[in-house]
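Each remark here refers to the structure printed beneath this line.
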Amino acid sequence: MHKKLAFFSGFVTLGMMLVLIMGGTVTKTDSGDGCGTDWPLCHGKLIPTNPSVETMIEYSHRVVSGIEGLLIIALAIWTFIAVKHRVDVKIFAFLAFIFMLIQSIIGAGAVIWQQSDAILALHFGISLVSFASLLILTILLFEGDREHQVVSRRLRSHLYGLSIYTMIVVYTGAYVRHLGATYACVGWPICEQEVWTFESYVQMGHRVMAGLLVLYTLYVLYLARKEMNRLIERGMMASLFFILLQVGTGAWIVLGGHATYVPLLHAFLITCYFGILSYLSYHAYRSTARQDGAQLKNMNG
């Protein structure tokens, strides 16, 4: 086991979580234009003078994101040098870097070219994939070459499906924020106003999809229990905990949670949920690949 590398990877993963939360703060406080249309400079300067609150929020997000990007590069290089025999570990280090790079490009584009709400909504989801890649990398480094229980094809397929569907729900949630549709509905869980706007339909659509996500999570947990797969079952129980809290904070936002920390908690919970789900999905893929490899070895033996 590469302990130092594993702990460093864990530190970088926490850094990515901080980047996600700070990005949510930028969106919540409408600070995306806090540095004007300059990037990477802020109002034409390396360090802004007499900054407003919005400028400080946007500038600090850029600084932390830049430091995190350098840490991810260092982690990827260290991983490629130290863990030459593990292709999967190197792949996740590479994915973390690539998605961090894409996220930075979209962030810069939002400042310079004023992207549409539909494009801006991709920003959080891409950052989420980078975080999940770092989390999986960290877990793999701590695990070493440990063997795990094989996951059935049905359970594996539903884990993949749940992961993909989660990304769609995450996108709709980000679109709600960037569209300014957070308070487009009166009441919860159903929009109770007589006149519905486009923003109301977007908000209600996100609620319906989030409700289905909870049901799908329950179903995958049921499958894991039925097949007595303890690792998947424990992981899905943790996922259910986070998604229920996620729905609760969503209702809190609509019903009066106007404080900045409430939507940030909302983003934190879905990040934890997706991180766990991503690892379980890869675990399912990995266990199947090892089973196929063992069968092929027996046939050739």
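Cβ from N, Cα, C; glycine included.
In sequence order, Val26, Ser31, Gly32, Asp33, Gly34, Cys35, Cys42 are the residues near Glu58 (active site), counting only same-chain partners six or more apart with C-beta under 8 A. Classification of Glu58 (active site) by DSSP places it within a helix. Annotation comment: Swiss-Prot describes Glu58 as active site, evidence class sequence analysis.
For His61, His123, the entry in Swiss-Prot reads heme o binding site, with the evidence type sequence analysis. In the three-state DSSP scheme, His123 (heme o binding site) is classed as helix. A 10 Å cutoff on Cβ-Cβ distances gives His123 (heme o binding site) a total of 24 other Cβ atoms nearby, all chains included.
Non-local contacts of His266 (heme b binding site) by the CB criterion (under 8 A, 6+ apart in sequence, same chain) comprise Gln246, Thr249, Gly250, Ile253. Taken from Swiss-Prot, the feature heme b binding site covers His206, His266.
Annotation source Swiss-Prot lists disulfide bond at Cys35-Cys42 (among others), citing sequence analysis.
According to Swiss-Prot, the feature disulfide bond maps to Cys185-Cys191 (among others), an assignment based on sequence analysis. Sequence-distant neighbours of Cys191 (disulfide bond) (same chain, six or more apart, CB under 8 Å from its CB) are Ala184, Cys185, Ser200, Gln203, Met204, listed in sequence order.
Distant neighbours of the topological domain 'Cytoplasmic' (1-5): 75, 78-79, 82-83, 141-142, 144; these residues of the same chain sit at least 6 beyond its ends, with a Cβ under 8 Å from one of its Cβ atoms. Marked as topological domain 'Cytoplasmic' by Swiss-Prot: 1-5 (among others).
Residues annotated as topological domain 'Extracellular' in Swiss-Prot: 27-62 (among others).
Residues or ranges marked as topological domain 'Cytoplasmic' by Swiss-Prot: 84-90 (among others). When pLDDT values are averaged over the topological domain 'Cytoplasmic' (84-90), the model yields 91.
If you look up Swiss-Prot, you'll see 112-121 (among others) marked as topological domain 'Extracellular'.
Residues or ranges marked as topological domain 'Cytoplasmic' in Swiss-Prot (evidence: sequence analysis): 143-158 (among others).
Look at the topological domain 'Extracellular' (180-203): DSSP puts its residues at 6 helix, 0 strand, 18 coil. Here Swiss-Prot flags 180-203 (among others) as topological domain 'Extracellular', drawing on sequence analysis.
Here Swiss-Prot flags 225-234 (among others) as topological domain 'Cytoplasmic', drawing on sequence analysis.
According to Swiss-Prot, the feature topological domain 'Extracellular' maps to 256-259 (among others), an assignment based on sequence analysis.
The annotation topological domain 'Cytoplasmic' is assigned in Swiss-Prot to 281-301 (among others) on the grounds of sequence analysis.
Using a Cβ-Cβ cut-off under 8 Å and counting only residues 6 or more beyond its ends in the same chain, the transmembrane segment (6-26) has close neighbours at 32, 34, 57-58, 60-61, 64-65, 67-68, 71-72, 75, 78-79, 96, 100, 107, 123-124, 127-128, 130-131, 134-135, 137-138, 141-142, 260, 263-264, 267-268, 271. Taken from Swiss-Prot, the feature transmembrane segment applies to 6-26 (among others).
Taken from Swiss-Prot, the feature transmembrane segment covers 63-83 (among others), and the record attributes it to sequence analysis.
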Task = Check the transmembrane segment (122-142) against each of 63-83, 91-111, 159-179, 204-224, 260-280 and return whichever range has the most CB pairs under 8 Å.
result = 91-111
Inquiry  = At a threshold of under 8 Å on Cβ distances, which of 63-83, 91-111, 159-179, 204-224 pairs most often with the transmembrane segment (260-280)?
reply    = 159-179
Query = What is the separation, in Å, between the Cα atoms of His123 (heme o binding site) and His206 (heme b binding site)?
reply = 17
Key: His61 (heme o binding site) to His206 (heme b binding site) - Cα separation in whole Å   = 27
Task = May I ask which of the stretches 91-111, 159-179, 204-224 has the most CB pairs under 8 A with the transmembrane segment (63-83)?
result = 91-111
